[in-house]
Each structure stands twice: as structure tokens, then as C-alpha cells.
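So that you can see what the record holds, here are the features copied from Swiss-Prot:
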- H41, D108, E119, I120: Mn(2+) 1 binding site (BINDING)
- E80, D108: Mn(2+) 2 binding site (BINDING)
- 124-139: motif 'Nuclear localization signal 1 (NLS1)' (MOTIF)
- 184-247: motif 'Nuclear localization signal 2 (NLS2)' (MOTIF)
Amino acid sequence: MEDFVRQCFNPMIVELAEKAMKEYGEDLKIETNKFAAICTHLEVCFMYSDFHFINEQGESIIVEPEDPNALLKHRFEIIEGRDRTMAWTVVNSICNTTGAEKPKFLPDLYDYKENRFIEIGVTRREVHIYYLEKANKIKSEKTHIHIFSFTGEEMATKADYTLDEESRARIKTRLFTIRQEMASRGLWDSFRQSERGEETIEERFEITGTMRRLADQSLPPNFSCIENFRAYVDGFEPNGYIEGKLSQMSKEVNARIEPFLKTTPRPIRLPDGPPCFQRSKFLLMDSLKLSIEDPNHEGEGIPLYDAIKCMRTFFGWKEPSVVKPHGKGINPNYLLSWKQVLEELQDIESEEKIPRTKNMKKTSQLKWALGENMAPEKVDFDDCKDISDLKQYDSDEPELRSFSSWIQNEFNKACELTDSIWIELDEIGEDVAPIEHIASMRRNYFTAEVSHCRATEYIMKGVYINTALLNASCAAMDDFQLIPMISKCRTKEGRRKTNLYGFIVKGRSHLRNDTDVVNFVSMEFSLTDPRLEPHKWEKYCVLEIGDMLIRSAIGQVSRPMFLYVRTNGTSKIKMKWGMEMRRCLLQSLQQIESMIEAESSVKEKDMTKEFFENRSETWPIGESPKGVEEGSIGKVCRTLLAKSVFNSLYASPQLEGFSAESRKLLLIVQALRDNLEPGTFDLGGLYEAIEECLINDPWVLLNASWFNSFLTHALR
């Protein structure tokens, strides 16, 4: 029986059971049936809790998460398996916060949905006999009792079974499997006859903190926590099992598990073709700002007023001309659109009172640039369903594009520091829970590291542009509204600053569905000459619009000022996510917190202060062809933030697919590095799944190139 228990239950449950028996002075070598009973009860308690969460609306939902969702709260608190002191602390805390009556005995779970403690029973006898024993022992109407048997029967207080049928079926199936496994080994009769009453356990070994989170995050789909996965793996006989299962599914399928060795993986194949192009909704490292310090003009804070004030700071305007035409567009129309913006801004300035918003005249150039009347006419399906050759028009396959170094330069630039402060200390927001000293200290340290970062500028720029565009799309659906691209920051000395990057003209925006597209023309200032990397600017028509005096080491030099113009589009759902780009700050802060937690658990004290203030220590940042790149903790913060920001700026189905599929290969490689002797089948299929996501997206191609660097160094 002891061997069976060690095979059948995951090691953590076995260890907890061993501790409990030791505490009660019982020898598991002799009391083997009791050992099995304790393990079974523990596992049922864990399964009862698995996958059940409470969402933000307070509703109970079932999620089988591939990634733990930070916004969801676990429906059940597990009390069973904790050490006695901790278990009573949890019970007292629950009673204090919910007003629940304190139970006389330690219960197994607490249900936050129904606000009640739950006692779980697992019996080899009749469920009603066992239920009565439990009820007599507890003598409390407030504690809910739920009994399961090995025959698939169950009984619960007032026939209220708490969980949905599927969740209960999972528990019953597991109990039935345990019974069958025991029977096949000739252990069941002895186990069935040995029951003397419910066994409970109040000692528990816990993996906590970062290691627990990393363990729970690194599971295959459909496993909610490491215990379930361990239980599955422990009871798993790989030899022939997978092959057998697959052959049941289809005669054509056969899977041989091949060992995964250092020589097995090959680099991911990046596509050939012309270099990839810039596809972000606004310019990043190439943008240029016209700025005013300490703004105090009339109407300060109204975008149009701010924009006109910023435009007045520049005196080098000249007759615009096209220096890099757009390959397919009517370039004179882009030129005329910019001239129209200048003229209409001029008209505003001559008015007595500047209006709060400006709707552009619907000229032929703007109609063309915004795709007015270009959409094919929609016809009701009923009117044309009888047409014999009715078909959806063919769409071309996207052209393959090769990796280009400009996207690495963009990323490097995003990690750099600027000379402005882009977020205030409270930008990340208060914690939902009462904030502890450590959490607020971490937040302040992190904010100090990233407040000057260019990626943070991109966040604030993205939030502003998306908010303004969504507002205009709803408030002025038929108008070609002029929207200045503005950001606010502070100088090192703390002076306020308003920046103008350029303008957007919005097209018609009757957005009924989340994915309905609004077209816009963006016109952005820059000092970057597009002729240096013409492939990057494939989608743009670039004008030369002025000369700017730049202070340099050798005095003032005149540089041509360019305007990058392109037609673009976005949707309600994309703008909604763009408005929430501040989440990137939170995501990268949580990643840094995981690192601090890991360090703290090793040193057995909070290491926040040392982590941020020990400037001599370096940390791994990422892989490059040269090897593992290292840098200061500030550099790590900024790199993680830049990654999160680029995931938002370059969000796409290609990125989703690449992230999900390459993660599988990453886990296999990590298992190899940890000497876990991983085996794989259909590795070629995994490579195919990864490589079909590498089409033309610059950010995905950069991630694939990083992944290849990682493979090279990980398998040395």
C-alpha cells in the first residue's frame, strides 16, 4: 500500500500526510490504510478548490487558466493541510473580515461566494452514515458538510452541492480511479474495511512566493496548479501510454517519443524577402517635439490651443516638398493635406476666439487620404443569395518580410533615459488591498527607475493619442476632425512642459462594432532623413517642411525638418487597449517584484532596499549574439518595461501565435538545461507552428532573432 500511495499521489500530498502521521505518533509503515486515506482527503480538498474563481462582479466562474489572471480571486480558501497555527490564523482572519461564526473544529475550506466554511468528507462506507457522524461531531449549522464516496455517491447539507456537476464529476472520477487502482493491486478490500472515521491533517508543506508562482505559470494548459500536474505526472506511465492513446484516436496517428538532446533543436527560420517596415500607429525614436515650458497661455490644456502655441515656437517653416514618396499613394494629396492643415490653423489664429475643436474642410485630398467612399457598397445578403457565382473577393497572402536592424535600434532607444519625467509617483496607482510599507517602497523605487525612460514617454503618448481619437470618433462621427498629438511632462528641474508631435486628421467614424475601423491620416515631425533607411518608411510619404537650428558641440547647426505622413486605421477595441497602456508599468513592476521575492526568499528577509540600492550588482537582461547581456537593476526595469510597451504598440495575431508556440520550445529547452531529460514528439510540427507566425511583423521577427540567440547560448 505504501508504494501505491507514493505512486498514486503527488509528492507534496505524500509529504503532508507523512508529517501529519508523525505528529500523531503513528507509523505509516504499519498504518498504511490511514496514510492512503489522509492523502485522498487532501487531494479531494485541493480538487474542490481548483479552477473556481470570483470575477470583478463578484460572480463565481470556472476558469482553467493557461496563465493566472491577476484580476480573479480564488473562490475557496484552503485551510486543510496548513500547519495548525497558520490554519487558525486564516480562520480567525476570515471570521473577522466576513463576520462568519468561528467554528469549533478546523474546517477544510472557506467558500467566499456562499460565505461559509466547508467540511469535506471522503468515505469508504455509506455516505449518509458518514454524514451523520460528521454532523454530530461538528454540531454547527453554519459549517456546510459535503461527503464523497468511492462509489460515486455524494451527500451535502440541504442537498446544496456548492459546485457545478462537472467539477464534482472530476472528483468522483478521481476517487473511482483510486479505487480501481487499489483493486487491481489487491489493496481495496483491506482499505475499505479499515475505515474508523474521518482523518484530517493540519500540517502542510508549502511552496510559496516566487517559486510557487513560477511553478503555477509554467504548466501545460488545463492544469490549474502544480499539485494537479504533479499528481498527473506521478501516475503517468509514458512507455506506450501516449502511443496507445493516439492510436485509439486515429489509425493514421503514431507518435514516437524522441529524446530531446543538446543537438536536437535547430534555429528558428526567419523569412526571406524585402526588409520589414515600421507599422506602429505613431513614430517612436524618430519623432520630434515642438515644446513649450511652463505653459500659462489662455486656454492652456485645450489641445488645439496648446498645439497652436507649440507651432508658434518654430520659425523655420518652408515650402513643403516630397523627399520620399509613398510607393502606391497619390503623393501630391499628402502634400496638399499638410498645406491644408497649415492654412486652417492660420485661419483659426485670425479668429477672435479660438474654437475648442477644429473640423477640416472635406477637400478631395483628405477624402482620398481618408478613404472616403472607397469601401465597397454593402448589399443585403437576401438580395443576392441567388446569384450563382457569388463569392467573397480574394485577399492576397501577406508578402514575407525579412528581419531588419531598425527594430533592434527602436527597442534599444526605448530602454534609454530621456531628460524629462513622464510619470508622477502615483501613476501606477494605489494597491487594491491596504498598502503595506514594502509594496509602496517597491513602487517608489521602480517609478524612480522608469519615470525618465523613453518607453514611458511612449506610454503617455499612446494613452493621449488613443483617448483623443476615441473621443473624437464618438463625438464627431461624420467630421474630419483635426487632433493634435500632444504629451505632457516635467523637466529635470520640475517645470511643466507641453509637447506637440504632429497632427492626426480623423475620417468618418460610425463605429458600431469593436472591430469597425476608423481611418486617420497622421502627420508627424521628425529630424530623421527617410532616405537613410527607405525600407523602414515604406508606408509613409515624407515631406521636407522646414529647417531647424540644433544646438550641438560645435555650436548651432541647421538640420532639415521632415513630416512623416501616412494613412492608417484603428478600431474601438485597439483604442481601448491603447488608452490602458499604463498597464505596462504594472506588468513590468510585477516582474521586478518576482525577482525581489526570489532574492528575499534566499536571504530570508526583504531585499527591496538592497536590490535597488546596490549599484555594483548586475543582472541578466537578455540574450544577444554576444551572449547574455547584463546591466544595472535600473536597466532591467527599463528593459522589461520596453518589452511590455512594444507588446502593446506592435500587438498582432503574429505576436500572439509566436509567443504561445515559442514558449513550448522554451520550456523544453529549459527542461533540458535542468537535466530533466525531456522527450518530444512531432518537434517538426512545433517548429512549423512557430514559423508560420513569422510573416512580416518587425517586433515578432526581433523576438525570433532573440530566441535564436537564446538557443545558441542555452545549448552550449
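Glycine is no exception: its Cβ is also placed from the backbone N, Cα and C atoms.
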D108 (Mn(2+) 1 binding site): tally of other CB atoms within 10 A of its CB: 25
Collapsed DSSP category at D108 (Mn(2+) 1 binding site): coil
C-beta crowding around E119 (Mn(2+) 1 binding site), within 10 angstroms: 24
Proximal residue to E80 (Mn(2+) 2 binding site) among binding-site residues H41, D108, E119, I120 (C-alpha distance): D108
Mean predicted confidence [pLDDT] for the motif 'Nuclear localization signal 1 (NLS1)' (124-139): 84
Those residues of the chain, 6+ apart, with a Cβ under 8 Å from that of I120 (Mn(2+) 1 binding site): H41, V44, C45, Y48, E80, D108, L109, H146, I147, F148
Secondary structure content, the motif 'Nuclear localization signal 1 (NLS1)' (124-139) (per DSSP, counts of residues): 12 helix, 0 strand, 4 coil
H41 (Mn(2+) 1 binding site) CB neighbourhood, other CB atoms within 10 A: 24
